[in-house]
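**Student:** First the structure, which I've put down as structure tokens, then a few questions once you've had a look.
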Amino acid sequence: MAKEGYDDIRRYKLDQVENNRETKVLHAYRPVGRGAAPEDDSISLSIKGPKHWASVKWRDIQVGDLVKLKRDENIPADMVLLYSDGTNGIAYIETMALDGETNLKSKQAPPSLSKRCTSEDDINACRALVVVEDPNIDLYNFDGRVTVEGETMPLTTNEILLRGSTLRNTSTAIGMVINTGEECKIRMNANKSPRIKSPAMQVISNKIVVLLVVFVIILALFCTIAYQIWSERVEENAWYLANAHVPFSQIIVGFVILYNTLIPLSLYVSLEIIKVGQLILMSDVEMYDPETDTPMVCNTTTILENLGQVDYVFSDKTGTLTDNIMKFRKLSVAGYAWLHDIDFQKEAALAEQSREGINNENSKPKGKGKGIAKRYSKKKTSGSAPESLIESETSSCSILRSDSARTSGSISLWKSSARPSKVQPGMRTEELLKFMQHKPHSVFTKKAKFFLLSIALCHTCLPEVQESGEFDFQAASPDELALVKAAQELGFMVIDRAARSITLTYPGGPDPMEQITESYDILDVIEFSSKRKRMSIIVRFPNGKICIFCKGADSAIMPRLKLAPLAMEKKQEVTRRSSVRKSMEADQALRRLSEQSPRTSFSRPSMNASRSRKSTGNPRTSMASARLRPIRDELDSWLKQREHDVDMEAGPEDLSAYQSPRASMNRMSFASDRRFSSYDDDLDDLIDEALVLDDAAVFGRCFQHIDDFASEGLRTLLFGYRFLDEQEYTGWKKIYLDATTSLVDRQKLIENAGEMIEQNFDLAGATAIEDKLQKGVPETVDKLRRANIKIWMLTGDKRETAINIAHSARIAKNYSEVIILDHKTGEVEQRMATTLLDISKGAIAHSVIVVDGQTLSEIDANETLALLFFDLVVIADSVICCRASPSQKASLVRKIRTKVTKSITLAIGDGANDIAMIQEAHVGIGVSGKEGLQAARISDYSIAQFRFLQRLLLVHGRWNYIRIGKYILSTFWKELMFYLVQAIYQKWAGYTGTSLFESTSLTVFNTLFTSLPVIFLGIFEQDLNASTLLAVPELYTQGQRNEGFNIKKYIGWMFMASSESMIIFFTMILEMHNKTYMSAIGWAVSIGGWFLWTLFLSAVYKPGKTYPLYPIKDGFIKFFGHDLLWWMVLALALACLILFEIGVSSVRKSFWPTDTDVFQALQKDKNIRERFEEAIRSEQEGDDEVEKGREKTSMEARREGEIQELLDRPRVMDGAITDAEVVRSPVEMNESNVLRSTSGRHLTRRKFSTDGHSGRGGGTEEFELVSRTSVPPKTRHSVDIAEILMRG
């Protein structure tokens, strides 16, 4: 209770930090009194005296207050915008903490108010009536009106600023407060009365305690009845027991008191001590983020064990999975795709320079110096590299002309997080610029220049000159910022944007130093909307021509192309090929699933030792290591199969979109493979001008590029353009002007006007933008999925963005069946029923359900749909909920928590909109990210990066679960074992309630003699190494299946307790897997403490006094301590009980081994342990998975060395060779020992080989994988993959 009170106080202090933040409020000057809002509730400020902006705490803001906001300030309450100094009175608001969207929202004050609220005096003179709706939870709609001088205008979300938002790209804004405190929309979405969280294991332990209470009552009643029988038979006939009879009521109470310690009330007290110790050990440096100086913070110790039992992870998107940083990554122009990885090149160059500098300065060992260099390079890159990437408009060209860039031109430094094994066949933008410089008048160069020009013009970004002289941009969305910066890096740099013009510079010829500066007049901008899915800008070129540029989703641009029928035809061909590839991947994934058992357990090595082959490599010092060699081989293959997902190679038709026909060599080849030709010839052969002029070929290749970009998790945009004549533009301009000034259906009229002009586009090209994930997110998602944890993504962002991020983070796979539930289609119920049937039949390899907030609301309103929906999402692999409000997020978590019994839910997020779901889940994780610390403050645990979640769950969570499970079982075990001796002793004491043990010693039994062994067990136990748990996440399922602590396991422990004696607790050391100094200290203190206690009693009892029942005074020193028989009985009892414990444990591990038993044996082998550590090290160091897939692991290299040594041996050997001396191959083809599966079906094998290279040549090693068929079985001399995966 005290601990919970402390947690409440800490959270209260954090709330005070939020409430004590200050803002500026307008009021009349007062010498004394409140320095904030006026005392009355009047909205107008008709108070005498000078007006000024006073600093007021958020908690003191009242409805009607006028608040002044500066750039980058948080909005303290829901407000109506009155004034903004932005262009056209527009204020840009970031709502990432509310709905997860990264785009800035443009808010504009009602015209009747904005022109009357430009200064303090004007505001004071303004008389307006504002009527708003009652406080509610709807973040996406608002109803209200404002009346100024008889003129009434509606208030919508376009004029409302919500608490939790941030003012961006606007110097000053003024608003009037309409909702404060708990009536703000973000607070209305919060969980008002969060539930009290408790560990799931507590339910089982409480039931056991209740059973023990019943057992104590039954045992006391049995002994009381036995006493009555014994009294009639013995006591009444014994003259020395005259008048010694105890009444029934007294004897039963005496027995209850005697056996009450069977109910371990100290369990709960010691459990708190254990959790404090576990909390200290969770301060893991591997979960510390040096960039933000943020460690893992544990805000509660109540639910530590829940971390080891998680079944569902509900994750936010923005700031939790992503970094909210967009990077321009690829482009497609005139049928050719180009990779843009200048940022990776700069980072690699800085890292190399840092590494070389440190190596030159220090003479430290290579490994340590390398680690220091990496840390230094990371710090350097994160700081100055991005800002100094392009120091001037010509620096990029100089970088691209460097020799180092030329030599590395064919090496891709970037990999797709969605498809890490995919080779990047596209050329790089360095080569694009070189070609444009080499052939400035070619058709391709003209098209590429015009495409780059369209990127530099079609946006709404505003350039700003920094103090350093570099250009930065104010952008309404990170996507536009990425595009403009990419254009800058490619030579087209925006240097000024006035109200009606854009000025930019770009290279004017072969010499990149020759720059041309031009100004383009902005005639109109048709802004982006979620309905239009595109934006357009109409500009007048310096030569007087008028051109419209349009960018948007391919589905929005493609029907508006001049050659739309041809484009749609080519798009269908690409879609067909993509569907075939995905179907093949899905079939392969289904086959892999059918060949695997749900449980991934390894056969015990000792049971296969007789069949293992002899070593062909270097002599082994350990026989166990030699016996484990076959398992090592198969373990390596088993791990690699799970570390890499299904990814089919692209077909010839797909690859043709990246190939360039070389006329000079008369063959097709990848354009990046130019190592044997001269530099100029390379550029000549780089582009086929005939292909550039072929519209059909350009369409086919461009749409193939877009499909590939999307499969890599990139956000694609299609660019189109069209030149307009003066007459056409003038006629359209009148229609557009009428639409923009209309007071009725303005947005609809603007969209209709845009539809008129946005037609008959020529294709300019396509871009792909990477929404950068946090480091390690895809790998963490893979690990959690392998741990049988289902991952849901709940976000307020748009559907397309959410699906893209799902692919990048590997929540959705390439072959996933994405089922979109949209209420607008009217087929939600039919879609859900069909999908539910397909998943139940196993026809879908990986299913992802996508639902939006509006559809979810309609599902919740219909009970039939709700039941069908939750039946579907429970069996689906992943769920994406987009456009979800905070209350909807919390509702989903609550329903899964309550409807899916015995499941543990975890919610993770970083913004205020995630607080409700964090409080609703069993475990709440806050990410101390860019959206603030609101979620981190309210959560149970906070981490700096999403990637730390895998160590928090797979390592510390599992350890805590195992520790607490063993502690509870050990406590019940020692209590039952000790007090059963009391019950058995009653038979020889006439069931009179006489205690076998001296009363004082009995009192301190739990505290002094048996507390440390079980407490140390609960704090320090580590059944498996951290590297093993991270390399094999499948071991996490032990907690999900409640295998560490359940009724069945409790009965087994109680059977052992009933079979042992009171001193067996001294062998508690045998239960701990890792025998550390702490466990030895606990064991020694407990045993030594008993002897010290007997000496203490001998000293404190009064001499000369007779103690008839127990020989206490000098008992140990003069009496039983001098008796040799007593010592012999003690030694014999201990020996028998230890042998009994070891024997039972050995039999269990031999015939019923668990996954933990198997991997405890495996990780003792040095080579297997190195393989586990190698897998984790490569992930932590950020190595490319593509490279990791090609490089040989230490196991592969070792095996190939052994095979090469075998091949190098003489072919003729002297002497007779017995069968036992024959060196066995990994899989022998004998029929002597038939291997069968547990289902009775035979196992056959598929051969594969790996090439080994050594100094004398290459060797080939053949392996045979096992699959289930009806072919007659073949014998093997090593443990094969079938046996590895067949247990379950």
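Cβ coordinates come from backbone N, Cα and C, glycine included.
Nobody curates TrEMBL annotations by hand; they come from automatic prediction.
OK, TrEMBL features for this one:
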type	residues	note
COMPBIAS	572-594	compositional bias 'Basic and acidic residues'
COMPBIAS	1187-1199	compositional bias 'Basic and acidic residues'
DOMAIN	936-1069	domain 'P-type ATPase C-terminal'
REGION	355-389	region 'Disordered'
REGION	572-626	region 'Disordered'
REGION	1175-1199	region 'Disordered'
REGION	1233-1274	region 'Disordered'
TRANSMEM	208-230	transmembrane segment
TRANSMEM	250-271	transmembrane segment
TRANSMEM	1050-1069	transmembrane segment
TRANSMEM	1081-1101	transmembrane segment
TRANSMEM	1124-1144	transmembrane segment
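Please go over these features one by one and say how buried each is and what sits next to it.
**Tutor:** Across the compositional bias 'Basic and acidic residues' (572-594), DSSP assigns 23 helix, 0 strand, 0 coil.
Same-chain residues lying 6+ beyond the ends of the transmembrane segment (250-271) with a Cβ under 8 Å from its Cβ atoms: 205, 209, 212-213, 215-217, 219-221, 223-224, 227, 964, 967-968, 971-972, 975-976, 979, 982-983, 992-993, 995, 1002, 1005-1007, 1011, 1014-1015, 1018.
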**Student:** Quick one: mean pLDDT on the domain 'P-type ATPase C-terminal' (936-1069)?
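**Tutor:** Result for the domain 'P-type ATPase C-terminal' (936-1069): average pLDDT 82.
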**Student:** So which residues does the transmembrane segment (208-230) touch in its own chain, when a touch means Cβ under 8 Å and the partner is 6 or more beyond its ends?
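**Tutor:** That would be 246, 248, 251-252, 255-256, 258-260, 262-264, 267, 972, 983, 986, 990-993, 1047, 1050.
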**Student:** Looking only at the domain 'P-type ATPase C-terminal' (936-1069), how are its residues distributed among DSSP helix, strand and coil?
**Tutor:** 95 helix, 3 strand, 36 coil
